[in-house]
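A.B. asks: Before we start, here is the structure in question, set down as structure tokens.
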Amino acid sequence: MRACHACVRYTLTSFPSLSQASRMTGSDEDGDSGWDAWGTWSDCSRTCGGGASYSLRRCLNGGNCEGKNIRYRTCSNMDCPVESGDFRAQQCSAHNDIRYQGMVYEWIPVPYEPSAACALRCQARGRSLTVELAPKVLDGTRCRADALDMCISGVCQEVGCDRQLGSGAREDNCGVCAGDGSTCRLVRGQALSHLLPGPCKYPSPTRFTMLVQIHYFSLFSLAINIVSPPMALNPSSPEPCLRSGLG
């Protein structure tokens, strides 16, 4: 298998199957009776971008222990350099020099499929051919591009915004991880056409923005439209607008 020369190195770590243990990392004290002490943590499956590490323990009661014999944690949570590219795409492209049915293809990841989130399914560039090149992606691969959830031993595991397995932490409306929404501030403004010629624009990004276009028909008649940011940037809409948002 050819390594990607323009990407960040990743480690081919073979983790124990989740069928042998609980899928989620719980308290270290869960079901401790009859267990030996936890072993040391394994090397991280990735060097950046969020990987996984595991620790094992041995049952001292002849296999009759309650609880799990393996636990996982996230590691290497710093972002990878932009030029390293997508981790799943790296795994697909690693098969570019391997013949498939006598042909060589350039492989790219297929769009997210909930039923096969942790399988390495790739598509031949420029063709409709889609193939499962491996039953499991490497540990630490994101289940989908728009979430932190990661694949471990072929199973999609929930990762919170704090980048911890199973924490359940979510961003609030203000974009704060595990926040209560109290840090948002309401920003209101008015842009008049004679002050800001051209299309109605909002000068700074906010998490939620509402633009209101005001159309003057006469001295006593007007219409107000709620418009989306792409419409507000349309040069054919020079009307003044009112802006409010959560900053």
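Cβ coordinates are placed from backbone N, Cα and C, and glycine is handled just like the others.
Reproduced below are the annotations present in TrEMBL:
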DISULFID  CYS44-CYS75  disulfide bond
DISULFID  CYS48-CYS80  disulfide bond
DISULFID  CYS59-CYS65  disulfide bond
DOMAIN    104-184  domain 'ADAMTS/ADAMTS-like cysteine-rich'
A.B. asks: As a quick check of your reading of DSSP, tell me how many residues in the domain 'ADAMTS/ADAMTS-like cysteine-rich' (104-184) are helical, how many are strand and how many are coil.
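C.D. replies: Within the domain 'ADAMTS/ADAMTS-like cysteine-rich' (104-184) the tally stands at 3 helix, 24 strand, 54 coil.
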A.B. asks: List only the single closest residue to CYS75 (disulfide bond), chosen from the disulfide-bonded residues CYS48, CYS59, CYS65 by CA-CA distance.
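C.D. replies: Ranked by Cα distance from CYS75 (disulfide bond), first place goes to CYS48.
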A.B. asks: Mind telling me which of the disulfide-bonded residues CYS44, CYS65 has the densest Cβ neighbourhood, counting other Cβ atoms within 10 Å?
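C.D. replies: It comes out as CYS44.
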A.B. asks: Just to verify: the residue among CYS48, CYS59, CYS75, CYS80 with the fewest other Cβ atoms within 10 Å, which of the disulfide-bonded residues is it?
C.D. replies: CYS59
A.B. asks: Going by Cα-Cα distance, which of the disulfide-bonded residues (CYS44, CYS48, CYS80) sits nearest to CYS59 (disulfide bond)?
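C.D. replies: Out of the listed candidates, the nearest Cα belongs to CYS44.
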A.B. asks: Closest of the disulfide-bonded residues to CYS65 (disulfide bond), Cα to Cα, picking from CYS44, CYS48, CYS80?
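C.D. replies: That would be CYS44, the closest of CYS44, CYS48, CYS80 to CYS65 (disulfide bond).
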A.B. asks: Distance check, please: Cα of CYS80 (disulfide bond) against Cα of CYS44 (disulfide bond), rounded to an integer number of angstrom.
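C.D. replies: Cα of CYS80 (disulfide bond) to Cα of CYS44 (disulfide bond) measures 14 Å after rounding.
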A.B. asks: Would you report the average pLDDT that the model assigns to the domain 'ADAMTS/ADAMTS-like cysteine-rich' (104-184)?
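C.D. replies: Its mean pLDDT is 95.
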